[in-house]
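First up is the structure itself, then whatever we jot down about it.
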Amino acid sequence: MTIKNIAVIGAGVMGQGVAYQFAKYDYNITLVDISAEILDAAGKNIRNIERLDKLLHKSASTVKVSDKITFTTELSAIGSADFIIENIRENIALKEALYREMKAYIAGHALLAVNTSAVSITRLASFLKHPAQVMGIHFMNPVHLKPTVEVIRGYHTTADTIAATQALLQSVAMTGVVVNDLPGFISNRVLMLTVNEAVFALQDQVAQVADIDKIFRECFGHKMGPLETADLIGLDTILYTLEVLLESYNDTKFRPAPLLKKMVDAGLHGRKTNEGFYKYN
Ligand code: NAI
């Protein structure tokens with residue numbers, strides 16, 4: 001199938017990165033959000049990503065990314081898309097409500113990717129007309145710097161859907177590792193436990209923030225420690241993901257650390273609010 005028009009739903013941290021990456025490779029993007037203010041901010045952030053990407057990577061791309069993206073609050077605009085990538089908040093009820101609403105607009109041939117940290121692809125696909133055309137793509141943040149993603153095969157996802165998705169990813173210099181549909185897949189099933197345990201250790205005053213991260217960077221060769229990673233992902237997203245994992249596996253090992261909850265309640269969501277475990281300008 002030929003994919004030219006891509007709808008990206010949700011213009012937060014991930015939606016901005018996804019829209020940028022596919023626009024850079026000349027796809028026509030429709031970026032949808034419920035909030036006009038968020039779309040405004042997304043436009044500015046995407047221009048910033050483009051400027052830094054061209055500066056740092058001396059990108060040979062001649063595409064002016066902002067010319068390739070249309071911003072809208074109208075969900076019906078997804079009707080012209082060959083491929084849809086959904087990136088709204090990690091909240092099962094919110095995602096389910098959106099999928100029920102989207103059903104009326106999605107073109108019969110379109111493929112749909114759920115960008116999620118842990119929500120069941122099979123369940124979300126069940127709200128749509130063509131579950132065989134639905135898969136998950138778990139992008140990493142920042143999208144344009146993390147070329148390897150998890151491609152999640154739902155119960156009904158066909159081999160053709162996976163193949164078309166892999167080809168699309170290759171066309172934007174990305175690679176998919178195919179995994180089966182169990183909450184958290186590989187990356188978040190393991191990462192969320194590490195981040196959460198690091199927060200428990202901080203709460204128990206085993207060590208300070210910077211020292212916890214230093215151990216991972218210097219002893220294990222990680223590029224970032226668990227608390228820096230949490231700030232990058234967003235503490236709210238970490239909390240929602242742990243709640244989804246806790247509910248899905250019914251296993252208390254995923255219970256969120258009280259300190260994490262307190263920080264989210266206090267509005268310390270990490271880099272996006274300029275403060276999490278660290279402070280940012
Ligand atoms: P975010 O909270 O930054 O952005 C979510 C956006 O969705 C907001 O702009 C919100 O206004 C919008 N939205 C909410 N309901 C909507 C609706 N019905 N229609 C259209 N837009 C709607 O969230 P973020 O961090 O971008 O995460 C999005 C998804 O990607 C989540 O499922 C998350 O688990 C997943 N993810 C996040 C990663 C991260 O590092 N933040 C990494 C990989 C996946």
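Keep in mind that glycine also has a Cβ here, set from the backbone N, Cα and C atoms.
What TrEMBL annotates here:
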type: BINDING; residues: GLY10, ALA11, GLY12, VAL13, MET14, GLY15, ASP33, GLU90, LYS95, SER117, ASN141, LYS272; note: NAD(+) binding site
type: DOMAIN; residues: 5-181; note: domain '3-hydroxyacyl-CoA dehydrogenase NAD binding'
type: DOMAIN; residues: 184-280; note: domain '3-hydroxyacyl-CoA dehydrogenase C-terminal'
type: SITE; residues: HIS138; note: site 'Important for catalytic activity'
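All protein chains considered, the CB of GLY12 (NAD(+) binding site) has 19 other CB atoms within 10 Å. Counted over all residue pairs in GLY10, ALA11, GLY12, VAL13, MET14, GLY15, ASP33, GLU90, LYS95, SER117, ASN141, LYS272, the record's binders of NAD(+), the longest Cα to Cα distance measures 22 angstrom. Separating the Cα atoms of ASP33 (NAD(+) binding site) and HIS138 (site 'Important for catalytic activity') is a whole-number distance of 19 Å.
DSSP assignment over the domain '3-hydroxyacyl-CoA dehydrogenase C-terminal' (184-280) gives 66 helix, 3 strand, 28 coil. Put simply, MET14 is the one of the binding-site residues GLY10, GLY12, MET14, LYS95 whose Cα lies nearest to the Cα of HIS138 (site 'Important for catalytic activity').
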